[in-house]
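Engineer: What follows is a single structure, and I will ask about it in a moment.
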Amino acid sequence: MPSNKSVSDAPIVQFTNCRILRSHQLQREDLWVREGKILNPEKLFFDEKGSADIQLDCKDSIIAPGFIDVQINGGFGVDFSLATDDFKSGIDLVSQKILSHGVTSFCPTLVTSPPSVYHQVLPQISIRNGGAHGAGILGAHLEGPFISKEKKGAHPEHCLRTFEAGAFQDLLATYGSLDCVRIVTLAPEMKRSSEVIRELTKRGICVSLGHSVANLSQAEDAVQHGATFITHLFNAMLPFHHRDPGIVGLLTSDKIPAGRRVFYGMISDGIHTNPAALRIAHRAHPKGLVLVTDAIAGMGLAPGRHTLGQQVVEIDGLNTYIAGTKTLSGSVATMDTCVRHFQEATGCSVETALEAASLHPAQLLGIEHKKGTLNYDSDADFLMLNDGLYVQATYIAGKEVWRQDALGM
C-alpha cells in the first residue's frame with residue numbers, strides 16, 4: 001500500500017474484535033502494530049494516510065501486556081543456580097517454555113551459592129530481547145548470599161556471607177561481575193548494608209529486601225538509601241507484629257521518600273501465602289504488588305526429587321520442600337496460574353490482576369516506557385487471553401511466538 005511507505009516499508013497489523021488493557025481499563029478498540037511497536041492509529045490515519053496491511057480477528061479475546069517474572073529459579077529440569085557446561089541451552093529451554101504461561105520477559109534468579117557458581121554462571125547470562133526463541137532476559141536476580149541465617153529458608157547456610165571490611169568490594173568479589181545483574185536481594189540489618197545498597201542503586205541495580213530479620217526502621221533506612229523491592233512478602237521475614245511490623249510495615253510506612261514507590265513480590269500459588277494475607281497486602285498497597293512465580297527446576301515436571309542450587313527438594317503436588325524437612329523451597333506454579341489465583345483470592349478486577357504481572361514489574365525495573373503496557377510506541381509484547389484469564393496466544397515484538405493448539409484460529 002503506497003500510502004504507508006512514507007514512514008516505513010514494514011507491514012501494519014491491525015488486531016480487531018478485542019478488549020485491550022490500556023490505562024488500567026479494558027477498552028474495546030483495535031490494536032495496531034508495526035516493526036515490533038504499538039502504533040497510534042490517529043497518527044497513522046491523519047499523518048501517514050495509512051491503513052492496515054493485515055487484519056486479525058481476535059474473536060473477543062482480552063489483549064494484555066506480556067507477563068514479566070522477576071523471580072524465577074528455573075523450570076523443566078533446569079536450575080539456574082547449577083553451574084553446568086550447557087547452561088545456555090538450559091536457559092534457552094526455560095525461556096521457550098514459559099511463553100505458554102504468558103511470560104514475555106524474565107529475570108533468571110540464582111539462590112545463595114558459592115562464589116565459584118556465580119563466577120561460572122553469570123558470564124553465561126546475557127540480556128537479550130525475546131522472540132520466537134523465547135522470552136526476553138532482563139538481567140539476573142541474585143537472591144543472596146548476603147541474607148540472614150535465621151531466615152535463610154531454602155538457602156544453604158554454609159554459603160551465606162556478610163559484608164566484611166570491604167562491603168561493596170566483598171559483594172563484587174563474591175559475584176565476580178555485575179554486568180548482567182538487575183536485582184540483588186539482601187538483608188538490610190547487615191552491617192554496612194547501607195553503603196552496598198547505595199552502590200548497587202548507583203549502578204541501576206534494583207535492591208530488594210528479603211530473607212531478613214530487619215525491624216521496620218532498618219527496612220525504612222534501606223529504602224532511604226535506595227532499596228525499592230521486597231522479596232516474596234511474608235516469606236522468610238519476621239512475621240507482622242503490631243508494635244514493630246518489620247519489613248511488612250513498608251507497605252504503609254510514612255517514611256518512604258517522596259515520589260518513590262516500594263514494590264513487593266508475592267508468590268500467589270495458594271501455598272506460600274494464605275489468601276487472607278494476600279488480600280491484606282493487596283488492600284494495604286495495591287500499586288506495589290508484583291506477582292512472581294519463584295519457580296524452581298521442578299516446574300512443569302512430575303512430582304519427585306529435584307534441585308534448587310546446592311539443595312535437593314521434594315515436590316508433592318503444589319508443595320515443594322527441602323528434602324526431609326517441611327521448609328518451603330520455591331514454587332512450581334506458572335505465572336498465568338498465579339494471576340488467576342490472585343484474582344480469585346482478592347476479588348480484584350481482571351485489569352488489576354493482569355497489571356500485577358506486567359505493569360508493576362515493569363515499573364519496578366524502570367522499563368514501563370517500553371514493557372508492561374500497551375501504550376503507543378511501547379514494545380508489542382502482549383497476550384491474548386479468554387475471560388477466564390487462560391493464555392490463548394503470546395506475541396513478542398508483534399509476532400506470534402506461541403498459540404494454544406486447540407484454539408483453531
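Any Cβ shown, glycine's included, is placed from N, Cα and C.
Pulled from TrEMBL, these are the listed features:
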type	residues	note
DOMAIN	62-401	domain 'Amidohydrolase-related'
BINDING	Glu143, His211, His232	Zn(2+) binding site
BINDING	Ala154, Asn235, Ala236, Arg243, His272, Leu328, Ser329, Gly330	substrate binding site
ACT_SITE	Asp294	active site, proton donor/acceptor
Engineer: Are any of Glu143, His211, Asp294 (the recorded positions) within 10 Å of Asn235 (substrate binding site) when you go C-alpha to C-alpha, and if so which?
Structural biologist: His211
Engineer: Between the binding-site residues Ala154, Ala236, Leu328, where is the Cβ count within 10 Å the lowest?
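Structural biologist: If we count Cβ atoms within 10 Å for the binding-site residues Ala154, Ala236, Leu328, the smallest count is at Leu328.
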Engineer: On the 0 to 100 pLDDT scale, where does the domain 'Amidohydrolase-related' (62-401) sit on average?
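Structural biologist: Mean per-residue confidence for the domain 'Amidohydrolase-related' (62-401): 96 out of 100.
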Engineer: Would you mind sorting out which of Glu143, Ala236, Gly330 (the binding-site residues) have a C-alpha within 10 A of the one on Asp294 (active site, proton donor/acceptor)?
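Structural biologist: So far as Cα distances go, the binding-site residues lying within 10 Å of Asp294 (active site, proton donor/acceptor) are Gly330.
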Engineer: Counting every protein chain present, what is the number of Cβ atoms, excluding its own, within 10 Å of the Cβ of His272 (substrate binding site)?
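Structural biologist: Taking every protein chain into account, the count is 23.
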Engineer: Rounded to the nearest Å, what's the C-alpha distance separating Gly330 (substrate binding site) and Glu143 (Zn(2+) binding site)? Just drop the number here, would you?
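Structural biologist: On Cα coordinates alone, these residues lie 12 Å apart.
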Engineer: Going along the chain, which residues six or more apart from Glu143 (Zn(2+) binding site) have their CB under 8 A from its CB?
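Structural biologist: When sequence neighbours closer than 6 are ignored, Glu143 (Zn(2+) binding site) has Gln71, Thr109, Leu110, Val111, Thr112, His155, Thr185, Ser208, Gly210, His211, Thr231 within Cβ distance under 8 Å.
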Engineer: Please determine which of the binding-site residues listed here (Asn235, Ser329) has the lowest count of neighbouring CB atoms within 10 Å.
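Structural biologist: Among the binding-site residues Asn235, Ser329, the lowest count of other Cβ atoms within 10 Å belongs to Asn235.
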Engineer: Within a 10 Å radius of its Cβ, which of these binding-site residues (His211, Arg243, Gly330) has the fewest neighbouring Cβ atoms?
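Structural biologist: Sparsest of the binding-site residues His211, Arg243, Gly330 by Cβ contacts within 10 Å: Arg243.
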Engineer: How big is the gap, in Å, between the Cα of Ala154 (substrate binding site) and that of His232 (Zn(2+) binding site), rounded to a whole number?
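Structural biologist: Rounded to a whole number, the Cα-Cα distance is 13 Å.
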